[in-house]
Amino acid sequence: MNIQSNNSPNLSNNIVSKQVYYAHPPPTIDPNDPVQISFPTTEVVGHGSFGVVFATVIQETNEKVAIKKVLQDKRFKNRELEIMKMLSHINIIDLKYFFYERDSQDEIYLNLILEYMPQSLYQRLRHFVHQRTPMSRLEIKYYMFQLFKSLNYLHHFANVCHRDIKPQNLLVDPETWSLKLCDFGSAKQLKPTEPNVSYICSRYYRAPELIFGATNYTNQIDIWSSGCVMAELLLGQPMFPGESGIDQLVEIIKILGTPSKQEICSMNPNYMEHKFPQIKPIPLSRVFKKEDDQTVEFLADVLKYDPLERFNALQCLCSPYFDELKLDDGKINQITTDLKLLEFDENVELGHLSPDELSSVKKKLYPKSK
């Protein structure tokens, strides 16, 4: 693999040229053959623990892209590139190219050239919070459907758990209400025989089984995180704002009550004999006073202690909560059509279902007339 110096001389108009590799090479291209692209140097538009993100335009195609630059830490396994090369879905940010470069300190950086989206869901929500107006319930519903659609593909087709679902990792276009899942730096293909680290996922969105130290958790941790995202969009602030790992559990118990012995067993059997203060749950209808029964019931199905009782991504998509998006009804139907919301590749996204299950799911997924 070609590793370039990152101090390539700039042209007079600040254009840099790089040899890059296709993430999804066309049939006529050998994946090991680099292609040359050029783009203007630009300023940073985002940063995190992983590194920095630049926005720029590929000169050859006039395509706006984001370039995520990640230090290759030899102590940790970087699965992000290999996982992103596997993925192709309308609601997952597309990896177009990648290249490696070495800096003057001999550090190696992986550069991921990604599809560009205008902002994160976190930024979109902040806009409404600053305006002191709630986000439209219809906009929330569209974002959540697309999130669960991406997770259904990720969990069932790719067998990948994202492990860091939060508003900052959901990119949106506020004009079209399109949503795409990004940042696969924590993602992993979970195997039942292989333990996983429990200290994963940002605190406010951490599933209770992670807080209980489970190492054999499942893709269902992403569903809990998604429920926390939805709650935050409705409330305008995090539902469980813990100040530490244990305080996070306290915040959850304050609303959902003390988990039962059976629920604790499902999360982590090692805590079965642990004595917890007995707290009664608060009805979610009191937490979400402005929401209808259908919304509250849906959140109750997603925010369950027991990962086996928690809805999976496909059950979420089939929930009556989303029926409004499936109506053959003017404006809503147009948004649904434009976002290709109800277009599913049955071999890929629904391929894990038996014929009877597929028939039942299709009745719930596809458009309904009023």
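The backbone N, Cα and C atoms fix where each Cβ goes, and this holds for glycine too.
Quick look at what Swiss-Prot lists:
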- 39-322: domain 'Protein kinase' (DOMAIN)
- Val45, Gly46, His47, Gly48, Ser49, Phe50, Gly51, Val52, Val53, Lys68: ATP binding site (BINDING)
- Asp164: active site, proton acceptor (ACT_SITE)
- Tyr199: phosphotyrosine (MOD_RES)
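Feature map: Swiss-Prot annotations on the structure.
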| residue | record | Cβ neighbours (10 Å) |
| --- | --- | --- |
| Val45 | ATP binding site | 14 |
| His47 | ATP binding site | 11 |
| Gly51 | ATP binding site | 17 |
| Val53 | ATP binding site | 19 |
| Asp164 | active site, proton acceptor | 20 |
| Tyr199 | phosphotyrosine | 9 |
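Checked against Tyr199 (phosphotyrosine) by C-alpha proximity, the recorded positions Val45, Gly51, Asp164 yield Asp164 as the nearest. Mapped onto three states, the DSSP output places the residue listed as 'phosphotyrosine' in coil. Confidence for the domain 'Protein kinase' (39-322), expressed as mean pLDDT, is 94. Cα-Cα distance from Val45 (ATP binding site) to Asp164 (active site, proton acceptor): 20 Å (rounded to the nearest whole number). DSSP gives Val45 (ATP binding site) a strand state. Under the DSSP three-state reduction, the residue listed as 'active site, proton acceptor' is assigned to coil, being neither helix nor strand.
Across the structure, Gly51 (ATP binding site) and Asp164 (active site, proton acceptor) place their CA atoms 16 angstrom apart.
A separation of roughly 16 Å, to the nearest angstrom, links the Cα atoms of His47 (ATP binding site) and Asp164 (active site, proton acceptor). Taking CA atoms as the reference points, Asp164 (active site, proton acceptor) and Val53 (ATP binding site) are 18 Å apart.
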